[in-house]
Amino acid sequence: MGRGAGREYSPAATTAENGGGKKKQKEKELDELKKEVAMDDHKLSLDELGRKYQVDLSKGLTNQRAQDILARDGPNALTPPPTTPEWVKFCRQLFGGFSILLWIGAILCFLAYGIQAAMEDEPSNDNLYLGVVLAAVVIVTGCFSYYQEAKSSKIMDSFKNMVPQQALVVREGEKMQINAEEVVVGDLVEVKGGDRVPADLRIISSHGCKVDNSSLTGESEPQTRSPEFTHENPLETRNICFFSTNCVEGTARGIVIATGDRTVMGRIATLASGLEVGRTPIAMEIEHFIQLITGVAVFLGVSFFVLSLILGYSWLEAVIFLIGIIVANVPEGLLATVTVCLTLTAKRMARKNCLVKNLEAVETLGSTSTICSDKTGTLTQNRMTVAHMWFDNQIHEADTTEDQSGATFDKRSPTWTALSRIAGLCNRAVFKAGQENISVSKRDTAGDASESALLKCIELSCGSVRKMRDRNPKVAEIPFNSTNKYQLSIHEREDNPQSHVLVMKGAPERILDRCSSILVQGKEIPLDKEMQDAFQNAYLELGGLGERVLGFCQLNLPSGKFPRGFKFDTDELNFPTEKLCFVGLMSMIDPPRAAVPDAVGKCRSAGIKVIMVTGDHPITAKAIAKGVGIISEGNETVEDIAARLNIPVSQVNPREAKACVVHGSDLKDMTSEQLDEILKNHTEIVFARTSPQQKLIIVEGCQRQGAIVAVTGDGVNDSPALKKADIGIAMGIAGSDVSKQAADMILLDDNFASIVTGVEEGRLIFDNLKKSIAYTLTSNIPEITPFLLFIIANIPLPLGTVTILCIDLGTDMVPAISLAYEAAESDIMKRQPRNPQTDKLVNERLISMAYGQIGMIQALGGFFTYFVILAENGFLPSRLLGIRLDWDDRSMNDLEDSYGQEWTYEQRKVVEFTCHTAFFASIVVVQWADLIICKTRRNSVFQQGMKNKILIFGLLEETALAAFLSYCPGMGVALRMYPLKVTWWFCAFPYSLLIFIYDEVRKLILRRYPGGWVEKETYY
């Protein structure tokens, strides 16, 4: 009581602390979720279970009690995460990142116009136009980006489709169908093949029940479900069924132990929606760029503000100048350019099977330095295939070609005939109907993955399995179960009208225990020690390849004792199941996709670390990792070194092993420091038998190392990791809806190789955005300098606001976008991933090149044209200095030029606007050269060539647009742009040529002296 009372006066309990408390609370909850599932229901006996949930295990709950629990716990549904309202998303597009800069510009323009309107009788409307145009640019681009991204991000909607609609419960001893949302803890539920499990269940009885847990644990094989407690870990024990997994075959009854958000699936959902998502690398780059540009703008603005006060301008005029300079620094067209470039790349990636959900993720993929890939279905084909067989004391590779051209053994061997017969008959898998025209390997089957693999293998090498089964009809069968680990069936023999054959398959060591002889070259010989050793070696060799091995045996039943029509009893066995004849082994694997080894190799040369994270067995995981090159030739794990030196693993120095296979159970006990140690010191890592929460821990570990992490995944279990990663990649075909929602990108063909294509596109767009920005920024200098000289030298204004807009939003747009289509200069995939700390999109060197070098040459070209035109009209440069006040004075209609001619205000203005038009045309001419030099950053343009058709179109388009603006009748009234003499177009040509030569020489020095002074100062 005392503590509670004292709390009110505690000054420390401010709101800030509470805010912090909330955040800490959330972090604590997330940490809780990251831990493994804690429950003990799988360990309880049925009586204890009934007592715990106060339920009669045969009659179920009473209706009244179910109502009470429903009122207490709420419906059995997942809480949808807080979604961002659409208007907020739209506002983010309008006011995020780059747009802020343009909004500030627009507001400053309106401010300047307001000041002018208050001071002058007839204010010029330039600032008003500029403000309106800036606002329009932001709004149009914002709508465009919003439209591009509106097709995404609704994480939980997909969980909704996963929730089963109906459930079959037993209440008060009666079966009833109810809505799955009304299922409560303690309910007695029945599930059958084809159903979705309505909540987390503890099985109390089952008949051949198998569930598909792949979306939860990543195990592709259907898992048997029975009442026995088989494993400490609730995710692996047989007597628990999980919410929203599928029951594949059989039936089961169970007691509900968790509903809604408290289920294992619910925890994952909460985990995924509660994760903080970091900003994308490109968003940080654009922010950095805005800081740079704003810095330059404010520096110039303030310097000239002070200068104009010193030169004797009034305060208000100086403020107008300040605003004018800041606005002139804003690259109006760049926002649209960046958005369009990213969109184009996104479209290009979609054609290559990478569907990008938000535009910024396009570039993130390019800066990726670590890929954590799922094994099943991404690196492998997710189709079990027979890989090897062992018979006649030899290991043979299976031939999986359609035309059987790759046969590595003699198909006439009588042992092979016997083995193929057992594999075909002792097999419940069948092809689904109507697939006669599809190649065997691509046909859909009904049945378990291993049996389907055997079915396809035998169909390919021995012809129709259905006909084989018709010729040898089945008379009895014992299906596979986990206690005796074999499957057995008895068939009438086609080659003997009276007798039967018993065929059996199962775990190799169990099958061998039941055999007394072995079939070699078609003859039965006794199973001696030598043959048992041969079997053991073959079994170990195939198992070591990560393959799933099955043993096969048979027994020809004597027709005297078992004539046709004999009633075989599979419960009270009235036939022999011992002293059988062993025939051979067959091993299966989910083979790697064809394009993966090459893709992993490309990642390696691109400096990207590929880590395999799988729920599968370590041996299988390691075998596939070696098969696809994640563990490369000659690299050993600690276990390999120990085996080679014949010493215990504990004596091997872990630093000596380049590769490393980490078991999920070891990972569970590791501190984050130990995990960091592994990630730092091993180049090639495989995590096996991992849980969904661990995937998240691995991603966070990589991010602590400063890596930009891409994660692939297809199950619900992957969604937290997909969301946490810098870029989450979901599978389009096999992926669950949830994983697709959590991801930033979807692989339409589920192929790891497509990721590598995506990385290449991402790196290319980063390079090309640099080029686009360099091109766009350069014309800022010839746009700002006229204004500065107008202030300092008091000359008539050389370039007006309207003409600046014609450049930024007119002639420069298409060329800037065309650079997005530029091909890579060198092999992008041979260099290291970019370092986000040092390799920026826009750096000081790019600004110095654009503003300080190329921009200056462009400005000279513009001023040259300006002075030429005024001189031709009689105003020599010496006469222009200090003429501004008289020139802009409306009442002065007799201003003399250098030759004594008098000019009225209107005549002067026509000459001035003709100068604006010519200055504009000069900028277009020098931007030709700028566009061509921006094609490359290191290579010569002659090496790169002019293959970019869009770029050539851009050159023609900007020239045509400039000519149209100058010569179109009526432009003099609309935009105050006047027709030019043809010769005036040529004034800027020498400057254009100078830019081209200057830059080619710079790049030549760059290539000759890599790492030298020129590279340090000018290579952006």
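Keep in mind that glycine also has a Cβ here, set from the backbone N, Cα and C atoms.
Listed in Swiss-Prot:
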type	residues	note
COMPBIAS	212-227	compositional bias 'Polar residues'
MOD_RES	Ser10	phosphoserine
MOD_RES	Ser439	phosphoserine
MOD_RES	Ser450	phosphoserine
MOD_RES	Ser559	phosphoserine
MOD_RES	Ser587	phosphoserine
MOD_RES	Ser672	phosphoserine
MOD_RES	Ser826	phosphoserine
MOD_RES	Ser940	phosphoserine
REGION	1-31	region 'Disordered'
REGION	212-231	region 'Disordered'
TOPO_DOM	6-85	topological domain 'Cytoplasmic'
TOPO_DOM	151-286	topological domain 'Cytoplasmic'
TOPO_DOM	337-769	topological domain 'Cytoplasmic'
TOPO_DOM	821-840	topological domain 'Cytoplasmic'
TOPO_DOM	936-948	topological domain 'Cytoplasmic'
TOPO_DOM	1004-1020	topological domain 'Cytoplasmic'
Nearest-integer angstrom distance between the alpha carbons (Cα) of Ser439 (phosphoserine) and Ser450 (phosphoserine): 19
Taking the Cβ of Ser672 (phosphoserine) as the centre, how many other Cβ atoms fall within a 10 Å radius? 11
Counting across all protein chains present, how many other Cβ atoms fall within 10 Å of the Cβ of Ser559 (phosphoserine)? 15
Considering only the modified residues Ser559, Ser587, Ser672, Ser940, which residue has the minimal Cα-Cα separation from Ser450 (phosphoserine)? Ser587
With every protein chain in view, how many other Cβ atoms are within 10 Å of the Cβ of Ser587 (phosphoserine)? 24
So among Ser559, Ser672, Ser940, all listed as modified residues, which is physically nearest to Ser587 (phosphoserine)? Use the C-alpha atoms. Ser559
Top of the modified residues Ser439, Ser450, Ser826, Ser940 by count of other CB atoms within 10 A is Ser450
Which residue counts does DSSP give the topological domain 'Cytoplasmic' (821-840) for helix, strand and coil? 4 helix, 0 strand, 16 coil
How big is the Cα-to-Cα gap, in Å, between Ser672 (phosphoserine) and Ser826 (phosphoserine)? 39
Rounded Cα-Cα span from Ser940 (phosphoserine) to Ser559 (phosphoserine), Å: 87
With a Cβ cut-off under 8 Å, give me the same-chain residues at least six positions beyond the ends of the topological domain 'Cytoplasmic' (1004-1020) that come close to it. 770, 774, 842-843, 845-846, 848-849, 853, 937-940
